[in-house]
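Over in TrEMBL, the protein carries these features:
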TRANSMEM  C:12-38  transmembrane segment
TRANSMEM  C:87-109  transmembrane segment
TRANSMEM  C:121-140  transmembrane segment
TRANSMEM  C:161-179  transmembrane segment
TRANSMEM  C:191-210  transmembrane segment
TRANSMEM  C:247-268  transmembrane segment
TRANSMEM  C:274-295  transmembrane segment
TRANSMEM  C:307-329  transmembrane segment
Amino acid sequence: MSGEKDLEQLKKEAAEKAKAAALAKKKAREQQETEVSEAVAPAEDEDLAKKKAAAAAKAKAAALAKKKAEEQQAGSESEDREDEDLAKKKAAAAAKAKAAALAKKKAEEQQAGSESEDREDEDLAKKKAAAAAKAKAAAAAKAKAARAKQESPEAVGDDAKAKAIAAAKAKAAAAAKAKAAAKAKQEGGEASDDAKAKAIAAAKAKAGSKGAEAPVAEVKPSVNQPYLDKYVKVIEEHLGNDVLEDSYINRLSKDVPTLVAKRETYYKVVQFLKYNEQLGFDYLSELHGVDYETHMEVYVHLYSYKNSQSVAVKVKLDRDEPTIESLCPLWAGANWPECEAYDLLGIKFLNHPNLHRIMLGEDWVGHPLRKDYEPYDVEV
Amino acid sequence: MLRTEEMLLNVGPQHPSTHGVFRLILKIDGETIKEAKPVIGYLHRGTEKLAEDLQYTQIIPYTDRMDYVSAMTNNYVICHAVETMMGIEVPERAEYLRVMAMELGRVSSHLLWWGTFVLDLGATSPLLYAFREREMILNLLNELSGARLTFNYMRVGGVKWDAPEGWVDKVRDFIPHMREQVKGYHDLVTGNEIFLNRVKGIGKYSKEDALNYSLSGPNLRCTGMKWDLRKNEPYSIYDRFDFDVPTREEGDVLSRYHVRFAEIEESLKILEQCVEQFPEEGPVIAKVPKIIKAPKGEAFVRIESPRGEIGCYIASDGKKEPYRLKFRRPSFYNLQILPKLLEGESISNLIAILGAVDIILGEVDG
Amino acid sequence: MVQDLLHSQPGILNFGIFFILALVLLLVILGFVTYAILAERKVMGFMQLRYGPNQVGGPWGLLQTVADVLKLLLKEDTIPKLADRPLFILAPVIAFAPSFVVIATIPFTDKLQFADIGVGLLYYIAISGLTTIGVVMAGWSSNNKYALLGGMRAAAQMISYEIPLVMSVLGVILLTGSMNLNEIVAAQENVWYILIQPIGFLVFFIASVAELNRIPFDLPEAENELIAGYFVEYSGFRWAFFMLAEYVYMFAMASLTTVLFLGGWLPIFSFLDFIPGAVWFALKFSLVVFMLLWFRSTFPRIKADQLMEFGWKVLLPVALANIFLTAIIKELLSLF
């Protein structure tokens, strides 16, 4: 059908794709090579330094690069196979044509491709923009990983086009998977599929947030994504662009939108979440701390009875001097949980009305849930 | 001039009405409480610390010891958290067994609460009546799990054992019996004038207060908040059952009493449907790896226990032990409002108010 | 018989006879207490789907209380270091002695009575009030906050309920024209006062439960609030004395109720008078005791402020109205 229409172009595209695949493969290899020395790669560091503390960034960048490489390899491998077999390639080209049309063309094809994707149905223009943006982002990320500085879309125009198609294809696959998962209400999804989709999505999210400063309106196969976008949008509208360190959908935790606030803006963000009319998170469901050895983290789970929506807010603290504003002025119910976090992890909450060691007593030495805790015993 | 002096009174940690090792330091003027300061931690066993060195299956028995009155819900919450992280689909039959076990546990928990609450108010007999039915439930759960209180019945991916022959029929027979008894309980206590005088209008708080203090469960629903995780965020197979979320508007001790009683009825409704829909056969545990390793990442799930919202947070680094495990324990959160409620009340009311919060100290102290 | 003794010469023999008689009465009462406790436990057991005592002394646990008393005798007698020692030791005695003294005036049958005094009823009420002193003393001297609260509650409760108690029997006194308990029984030859004085009986019965500190009026002890109230620091036989006082009062109050409202030893119908009076008395008395046990296993405890409110705002006005009503009716009847 649509494949007949511009077979010529498709063939060209396929060729381009093969080229792109080869390139990607090469890049992936390059990446893998550089990965070892990634930890000290200066260009990468400079770029990332804007976002993250240097030490954390290194570890993350390594993980990120690995993930990206995996993704790319997965893509390039399948394309590689296509290269080998011409007959297969034609069949694949037809499929690809569909995917290309999906990315480029209009409603009918899209509906056929991803019927359950409401957002795609609703907003095609947006989707196109999203695809483009993602392609850009992907291109940027890849380019960065490979050659660090070639971010201009013109410079990698051909590449970008090919990649856009590839990205759209991957997305379609992810969408299909997500559809299956959604149909089974996230119960029926195979673990492996889920994990794969998750990995792709996570990698994309990372790439997106890293590669492009502007919020990338990505369409991810999560029912909660629109909510997360809304929260982020509202927060950025009111509190500025730099209050959130990160925001993502936590797939492991029933797709709960997760916001990572900065240490300085944590209280402001939570306060905003509670009092903003659109958000209205009026219930503190849970508050606790986690010791991640590199840093401390406070995890707050909020719930909005008005909108029947959850959100998780996290904040990273300096491990040696973990202090953070108390949420007691907002919720009286934060009192004891904060005492508990103080008692077991040593996180100090400022402005807390009565911060004391609620479980162990004031004469206890050390904070047991810290990973480096040594039981204190006078007898020994 | 007549002069009164304030006096410090230690209620607990050994006191018949604190239901465990809970301590309240009261500043009283005569019998009027000026200030109440709760002290907890006497039963802190460091479950969360211990769990960091245990495999997921090994943690389950520890959860039994938290809320030892309805251990099944605790079993469930950790299994549910791990299943959510790993994306395990639990077999149908296992889900039904779980729901039945949890609802039986809910009924027995509310029964125990009723008995001890009324005992706190000075009526001795209802406790024994409550224990009669609770005994039947414990026997049922005993047949299912092999234990009467600390069941350790659920596993990641399902349950440990299938129900024995004829167990479901026993549950079926139990439901009408329980319904009959609930009527009797109402006749015995609910209409009693002395009882009503002691609980009506006592320990009142508004919906806003309840949300502010992070209350959950019957303590929240008694203020008119129609909120039950089984209904509003269905987990397991609760979306299949037709049941109501009982609420009251008053927010006093009596309303909490009524909510809990109505919940017994609703649980019986769920049990009834479970018995009807119970699949003839099938596996009771999903295919899970021998050594359970939750994927790297974190998850927080919450479910509805008889006392409110019980949650489980797992941060995993992909190993077979959790990196960090945290339980959101409803009693711990619900108890926070106590000092506010006690201000200006008398010692007699203290007993009624504390009783109506329904705390389990094993859960408060973790 | 006691009247004769009172009029005889004082001497060692007569003293001995008095002493032995009193001892016999004490033993009878101790026997009652022993089996009242057993009965309470058995009745409560049956009402609560339990068996109650069933090991010591056969399947009915007939010797259970004896064993318990023996255990109490063997228990270590502890006195808190900071207690007011003399008062602490004296308190159980002061609490117990009046309970035994009031029994002297109760006419069990027309013949079996120790002291037939003209103001028997007044005597009873006056003496029984003394126990509260013992209770407050115990609460104070224990140097324990719970005990103090219990003692204070006991004092407040006694004052609040003694008054309606007295007021409720005024109707009976009006109708009889005497405070002598024998004459009160005799006046019920035809119809018991429970039928003529139903309001008076209700007020009296409620107030008497409150006087006995039994559920639903057991605030001074209130196990779930004050742990054991005024005797929280007592152990062994001192503690047993308080319990003894409580059960002896139950005996006395049930007897008084029988005498005042249920016609004492008189048979229910006159043709049944071949049954001895003692049996009739025992039957009615048991019924009253059973009512008390029944209350105990049914009702929750009332609240302190509600107790006061109920005493002053409900019972007292009702009792006063009852007196008024009785007086009017009596005057109207005497007109015709």
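Every residue gets a Cβ built from N, Cα and C, even glycine.
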Recorded stretches the transmembrane segment (C:274-295) and the transmembrane segment (C:87-109) touching, at least 3 CB pairs under 8 Å: yes
Contact call for the transmembrane segment (C:161-179) against the transmembrane segment (C:87-109), three or more Cβ pairs under 8 Å: no
Segment-segment contact (the transmembrane segment (C:247-268); the transmembrane segment (C:307-329)) at 3 or more Cβ pairs under 8 Å: no
Contact ranking winner - C:12-38, C:87-109, C:191-210, C:307-329 against the transmembrane segment (C:121-140), Cβ under 8 Å: C:87-109
